[in-house]
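See structure below.
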Amino acid sequence: MELLKALLLLSGVLGALAEFCVIPKMDGQLVEKLGQRLLPWMDRLSSEQLNPSIYVGLRLSSMQAGTKENLYLHNLKLHYQQCLLRSTSSDDNSGCQTKISGGSLALYLLALRANCELLGSRKGDRMVSQLKWFLEDEKKAIGHHHEGHPHTSYYQYGLSILALCVHRKRVHDSVVGKLLYAVEHDYFTYQGHLSVDTEAMAGLAFTCLERFNFNSDLRPRITTAIETVREKILKAQAPEGYFGNIYSTPLALQMLMTSPGVGLGPACLKARKSLLLSLQDGAFQNPMMISQLLPVLNHKTYLNLISPDCQAPRVMLVPATEDPVHLSEVSVTLKVSSVLPPYERTVSVFAGASLEDVLKRARDLGEFTYGTQASLSGPYLTSVLGKEAGDREYWQLLRVPDTPLLQGIADYKPKNGETIELRLVRW
């Protein structure tokens, strides 16, 4: 009896200490500028540039794009339906130019839910089956004894479980078990650094499963995993306030906002301060990162898609006025040590040019080649000077001497005199 009283007392104390992660309202003009940066991307309707995350981010934000938003959803539907038709038939003329990944399909399902659509038709059943096949294939790649790795990533694995969950579709215990095992055994730590966005996505998926009481046999492990994810994210908070890095902070906050916990209040206020400074510096330019941040600034998360409010008032976005262009040049040195002979060359580009522009300039000058592949987060390097990134390898971008870039080639804008190294590394 005394033990029971002690446990109840401890539970009450912890409950009293638990706080919600609340992000106080930010300057309206800063948030509006963030939304405005998505508008040009909504005019890019090629299959390689359509991004369901843009639609999800806007629908969970305090802003809307009117008819442009409706047209974007229409084009998303055409693209994904054509590509899914192609994947289940022998017709190579379906109009689909790119193969849909599991993560891309999962984001599309979130976009449909953001429009208050629940999958129930034959087309919807086909999408659910496709995503479940993806998860089964990834589960096999991980292996019965967890000796392998997903073909894609645990991030896409967690995102796919989340997408099925918000549509109230059950996922087999064996599939969920792989993600649980990965969290329990610190599989999301690479080269000594926690992948905060992967951890957060797993936590969002587990929280959704817990709310629906799916996978009831796994419920104790799911509840424990949610606590584990929260603790890992809080431990990953830097002195500056961000979690992992500034671009993984939005997803981390989405996870932390889903339920109360000890120490969340001060941690989230600190994160808000780092986000505010980054917004003032114009750090968020990538549409994927913006679309993950907009819900947080509207006090929402992907879990709001379980019961979305499609009638909530949202302010109409108007295009931003373009700033005058000042044409000046900067010099940037490209360095590649992962090939023989090593490569190093200084090129001149206009100020404000992206790293991708620097690569194109070097290629135009001769003796430099590179290859890229499109993704929802932007293009990434697949080869440099004829050397392809192999299995579990990637081309890392660094500012010399040894500072990894947090942005991709299309988003990072080198400053005058910088040296950028392209380094082939394993993960």
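The backbone N, Cα and C atoms fix where each Cβ goes, glycine too.
Marked as signal peptide by TrEMBL: 1-18. Annotated disulfide bond per TrEMBL: Cys21-Cys268, Cys165-Cys208, in sequence order. Residues or ranges marked as cyanocob(III)alamin binding site in TrEMBL: 152-156, Asp197, Asn245, Gln292, 380-381, 395-397, Leu405, Trp427. Per TrEMBL, domain 'Transcobalamin-like C-terminal' is recorded for 352-424.
Listed binding-site residues: Tyr154, Trp427; maximum Cβ neighbour count within 10 Å falls on Tyr154. Neighbour count (other Cβ atoms within 10 Å of the Cβ, all protein chains): 23 for Cys208 (disulfide bond).
Spacing of Thr152 (cyanocob(III)alamin binding site) relative to Cys165 (disulfide bond) is 20 Å (Cα to Cα, whole number). The Cβ of Gln156 (cyanocob(III)alamin binding site) lies under 8 Å from the Cβ of Ser101, Gly102, Gly103, Ala106, Glu138, Pro150, each on the same chain and at least six residues away in sequence. For the binding-site residues Tyr380, Trp395, the greatest number of Cβ atoms within 10 Å around a candidate Cβ is found at Trp395.
Using Cα positions, the member of the recorded positions Cys21, Asn245, Trp395 nearest to Cys165 (disulfide bond) is identified as Cys21.
Around the Cβ of Leu397 (cyanocob(III)alamin binding site), the same chain contributes Leu355, Leu381, Pro404, Leu405, Gly408, Ile409, Tyr412, Ile420, Glu421, Leu422, each under 8 angstroms and 6 or more positions distant in sequence. Neighbour list (Asn245 (cyanocob(III)alamin binding site), Cβ cut-off 8 Å, at least 6 residues apart, same chain): Val196, Ala238, Leu406.
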